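To start, the structure under review is shown below, and the notes come after it.
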Ligand SMILES: Nc1ncnc2c1ncn2[C@@H]1O[C@H](COP(=O)(O)OS(=O)(=O)O)[C@@H](OP(=O)(O)O)[C@H]1O
Ligand SMILES: Nc1ncnc2c1ncn2[C@@H]1O[C@H](COP(=O)(O)OP(=O)(O)O)[C@@H](O)[C@H]1O
């Protein structure tokens, strides 16, 4: 519940002024997908490509945020919900600051992603479904987590013992089973250009 003694303070510099100075739109590119689907890899490669094009970008990554801001949270449905709620608020601050922020969280629940969408204005939340069959993610297993989950060493593991709800209508689908990292980045940059957001 919000404390009624806390009053919102508008900033003297607006989001619009910051965007104008930066020369590009600010928004959240919300990557969602299974562990090992390629969220971090593609988000980082895309951030790098855009950085080289002069765009102010930042990547918020599941593993990293859980080391600090969200280190008190586990992987129950409730904890994941709170994880996504906090990330949504942080992402909104980045949008306010005029930057293009990538978020790379499994964010398994449609409702939680939609809650973040509702926090932002039209055109500020771009849902990017990083699509990859679980068999392929499991074969990649970059951190050896699927192996541990199959062995019963990690409870509530997404796709195995905890659900993943794919987006109904994502703004963009990047299929990392079909396309290389570079091709996925091309698709993302094309999407941003097509919408005049670069
Ligand atoms: N039980 C369980 N289920 C799924 N993932 C697990 C789990 N335990 C640890 N990990 C590691 O934590 C990363 C997922 O954190 P997220 O913050 O993205 O998860 S969530 O959005 O709250 O569902 C995830 O990172 P990615 O592999 O980058 O997706 C895993 O490395
Ligand atoms: N086309 C691709 N796109 C993204 N990652 C890929 C692709 N092909 C292979 N990979 C590999 O798959 C793994 C994906 O891991 P990661 O990016 O950490 O996924 P996530 O953040 O979704 O857990 C990495 O080892 C990456 O090199």
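A Cβ is built for glycine as well, from the same backbone N, Cα and C atoms used for every other residue.
Quick look at what TrEMBL annotates:
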ACT_SITE  107  active site, phosphoserine intermediate
BINDING   33, 34, 35, 36, 37, 38, 39, 40  ATP binding site
DOMAIN    26-174  domain 'APS kinase'
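Counting in whole angstrom, residue 37 (ATP binding site) lies 13 from residue 107 (active site, phosphoserine intermediate) by their C-alpha atoms. Closeness to ligand 1 is met by none of the binding-site residues 33, 34, 37, 38, no Cβ falling under 6 Å from the molecule.
Across the domain 'APS kinase' (26-174), DSSP helix (H, G, I), strand (E, B) and coil residues number 61 helix, 28 strand, 60 coil. Neighbours of residue 36 (ATP binding site), defined as other CB atoms within 10 A of its CB across all chains, total 24.
The ATP site is set by 33, 34, 35, 36, 37, 38, 39, 40; from the centre of their CB atoms, other residues of the chain with a CB within 8 Å are 104, 106, 130, 132, 137, 176. Candidate binding-site residues: 33, 35, 36, 39, 40. Nearest to residue 107 (active site, phosphoserine intermediate) by Cα distance: 33. Only 36, 37, 39, in sequence order, out of the recorded positions 36, 37, 39, 107 have a CB under 6 Å from ligand 2.
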